[in-house]
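Taken from TrEMBL as is:
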TRANSMEM  78-97  transmembrane segment
TRANSMEM  109-134  transmembrane segment
TRANSMEM  154-178  transmembrane segment
TRANSMEM  184-203  transmembrane segment
TRANSMEM  215-236  transmembrane segment
TRANSMEM  265-283  transmembrane segment
TRANSMEM  304-326  transmembrane segment
TRANSMEM  371-394  transmembrane segment
TRANSMEM  415-435  transmembrane segment
TRANSMEM  441-462  transmembrane segment
TRANSMEM  474-496  transmembrane segment
TRANSMEM  540-559  transmembrane segment
REGION    603-626  region 'Disordered'
COMPBIAS  616-626  compositional bias 'Polar residues'
Amino acid sequence: MKKYIDFQTFHFHWADYLVFSAMIFLSTGTGLFFAFYKKEKAIELGQQDIDSGEKRRKNDFDTSNMNEYLLGSRKLKIFPVSMSLVGSYVSGVTILGTVSEIYYFGTQYWMIVISIVFMAIAVSKIYLPVFSVLRVNSSYEYLEMRFSPAIRSLASIMFVMDEMFFLPIILYVPSIAFNQVTGINVHIISTVICIICVIYTILGGIKAVVHTDAWQILVMFVSVMVVVTIGCFKAGSIGDVFQTASDGGRLIFADVNPSMYQRQTLWGVLIGGFFYWTSFNAVNQTMVQRYMSLPSLRKAQWSIFIFTIGIIAFISVCCFAGLLVYEFYTKCDPMSAGLITVANDYLQHDDQLLPVFVMQTVGHYYGVPGLFIAGVFGAALSSLSVVLNSTALVMLEDIVKGSLRLKLTERSSTILVKGCILILGVIAVALVFVLEQLSGILSVATSVTAIAAGTTCGLFTLGMLVPWSNNTGALVGALAGACISGWISFGSQIAFANGYVTPHKLEISVEDCPGNVTMPDNVYIDESDVFPLHRLSFHWINPIGVLTTVLVGTIVSFISGPTVIKKLDAELISPVLHRYLPKECFPPSGITNEMTRENTATHLLTDGRGKAGSETGESSDNSGKY
């Protein structure tokens with residue numbers, strides 16, 4: 001019982017504030033460094049390339065300044081980009097949300113790592129080659145090339161709305177963690193985080209974002225590993241941790257229950273996880289922008305490979321941390337015992353489990369809690385900066401230039417991009433007040449982002465894998481996908497908020513809690529009267545959105561008159577289908593295309609296109625063009 005009593009005495013020491021402040025200053029300093037010295041050098045080199053006659057794709061940004069600011073002149077390095085890709089997904093949502101998910105629902109979610117492996121294969125072989133050969137600035141440019149400006153506008157607006165909803169989640173999670181160990185108001189913390197991030201994102205552009213992400217991910221990984229290592233030492237051994245989890249019914253890896261209503265099953269995690277991760281990593285602008293900042297397809301594929309290894313390692317560490325938290329609180333659930341402070345007078349937040357665990361187990365090691373919170377903040381800053389930068393690019397390229405067809409000067413473009421970043425920061429801080437009324441960060445984040453992610457991934461999949469799809473099919477399919485996923489997602493959230501649906505948590509104990517604590521009654525109401533789609537596990541929202549978009553789009557395309565495949569440009573179709581396309585889809589030998597680059601094209605379709613060329617009687621030189 002004693003280990004649960006004195007945790008309130010462990011709050012930030014001056015050493016913790018020192019470690020935390022160092023991380024903040026390094027973030028800002030990196031932005032300033034790339035805003036001035038590195039930026040001037042890069043622009044000078046870019047201008048030299050132009051002066052020396054290097055060809056630029058006609059869809060590139062009009063000036064070297066904007067090219068450098070938003071894409072790093074397409075000359076970034078593999079490792080920092082890979083780390084930035086990890087940082088774009090691993091936010092406080094992942095760190096804190098995954099721990100509470102394992103604590104309350106068991107280890108079935110850990111099997112998401114299998115889905116991530118299949119996601120990496122799909123992204124690198126199906127989607128990325130198309131973006132690479134077209135060398136898009138924004139991923140949504142593809143939708144205009146394949147379908148129409150209207151489809152591009154629809155997808156880009158959905159992306160902007162999606163990121164606006166996700167921004168406050170990124171801010172809120174580290175804020176409640178910092179609040180737990182310092183007592184500082186959540187809204188003050190979130191405002192400070194946002195101001196810092198907006199400053200270095202505005203000043204440094206994509207290079208500041210990528211390079212700052214790289215070391216922030218390092219701090220984040222080291223901080224969690226330190227906590228996990230000390231936690232293992234206190235628990236006795238790794239074997240003891242798994243034994244306690246087994247005794248408590250937390251070790252679940254093969255729950256093959258076919259029910260789509262159960263929160264975590266093997267099928268839900270594998271299928272839902274694959275669709276969700278593919279939707280995010282294949283076509284989302286926050287990811288595609290980093291892929292396109294690399295000079296070739298091969299390097300972009302290597303970045304996905306490194307990203308996959310990094311994300312699997314980090315998620316595994318977070319899942320194990322969830323078992324550590326369970327081992328420590330196996331006899332005293334901190335939520336039931338009131339050991340976790342509340343953000344308001346009505347709600348408790350299970351996402352504070354890990355911060356409380358850190359303070360109780362390593363709070364007396366001065367500097368360690370500061371390192372952990374610095375890691376959580378680093379995760380938030382990296383995700384926030386990526387979203388701000390990518391959303392600003394979409395506003396410029398897809399909405400202002402693409403939808404509104406406005407031609408801007410370099411000065412106007414710069415003001416627009418930086419103004420968008422500033423406005424998005426203000427919106428994010430304001431929406432934190434709304435998010436504070438929600439609980440269960442992981443499922444909320446997945447549900448909200450599934451609407452736009454599922455629909456846009458469905459559109460890209462329809463365009464790249466269904467050659468006969470047309471503009472009408474894409475539009476109707478997108479509307480159908482957005483409606484069905486939105487109906488399920490928001491309906492589920494409303495049902496949960498009204499108490500019609502409750503998560504079925506695994507058993508907990510309070511027998512060793514200090515004071516007079518009684519076991520809470522796990523009374524689950526009859527959910528049979530709730531509309532079936534509103535009872536679905538959050539894992540199924542994204543697959544339903546993707547498949548609805550593709551199926552409806554395919555059917556409507558057939559009804560309204562399918563696209564004549566012979567008139568399609570093969571570059572708009574995924575290379576996995578090239579061998580099945582008629583030879584008319586490929587331009588004759590000797591015709592050059594300014595949108596391709598030799599180093600990208602040579603690697604793109606060595607096998608698939610080469611076979612197509614041999615089957616259709618084309619020369620190997622013609623297939624090599626791609």
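The backbone N, Cα and C atoms fix where each Cβ goes, glycine too.
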| field | Two-stretch contact, the transmembrane segment (184-203) and the transmembrane segment (265-283), at least three Cβ pairs under 8 Å | value | no
| query | So which residues does the transmembrane segment (265-283) touch in its own chain, when a touch means Cβ under 8 Å and the partner is 6 or more beyond its ends? | reply | 85, 89, 108-109, 111-112, 114-116, 118-120, 122-123, 126-128, 139, 253-259, 304, 307, 446, 449-450, 453-454, 456-457, 460, 537-543, 546
| message | Should anything in the same chain at least six residues away from the transmembrane segment (474-496) have a Cβ under 8 Å from its Cβ atoms, list it; otherwise answer none. | response | 143, 146-148, 150-151, 154-155, 158, 438, 444, 447-448, 450-452, 454-455, 458-459, 462-463, 502, 530-531, 533-536, 538, 540-542, 544-546, 548-554, 556-557
| message | Which sequence-distant residues neighbour the transmembrane segment (215-236)? Criterion: at least 6 residues beyond either end, Cβ under 8 Å. | response | 23, 26-27, 30, 83-84, 86-87, 90, 95, 244, 310, 313-314, 317-318, 320-321, 324, 327-328, 357-358, 361-362, 365, 368, 371-372, 374-376, 378-379, 381-382
| Residues of the parent chain within Cβ reach of the transmembrane segment (109-134), under 8 Å, 6 or more residues beyond its termini | 98, 101-102, 141-142, 145, 253, 264, 266, 269-271, 273-274, 277-278, 281-283, 288, 291-292, 296-297, 300-301, 304-305, 307-308, 311-312, 315-316, 319, 460, 464-465, 571-576, 595-596, 600-601, 604-605, 626
| note | Of the listed stretches 78-97, 154-178, 371-394, 415-435, 540-559, the one with the highest count of C-beta pairs below 8 angstroms to the transmembrane segment (304-326) is 78-97
| task | Please work out whether the transmembrane segment (371-394) lies in contact with the transmembrane segment (540-559), by counting C-beta pairs under 8 angstroms that are 6 or more apart in sequence and asking whether there are at least 3. | result | no
| Restricting to the same chain and to residues at least six past its boundaries, which positions have a Cβ under 8 Å from a Cβ of the transmembrane segment (415-435)? | 66, 69-70, 163-165, 167-172, 175, 186-187, 190-191, 194-195, 197-198, 201-202, 384, 387-389, 391-393, 395-396, 400, 408, 444
| the transmembrane segment (154-178) in contact with the transmembrane segment (540-559), cutoff 8 A, at least 3 CB pairs, sep 6+ | no
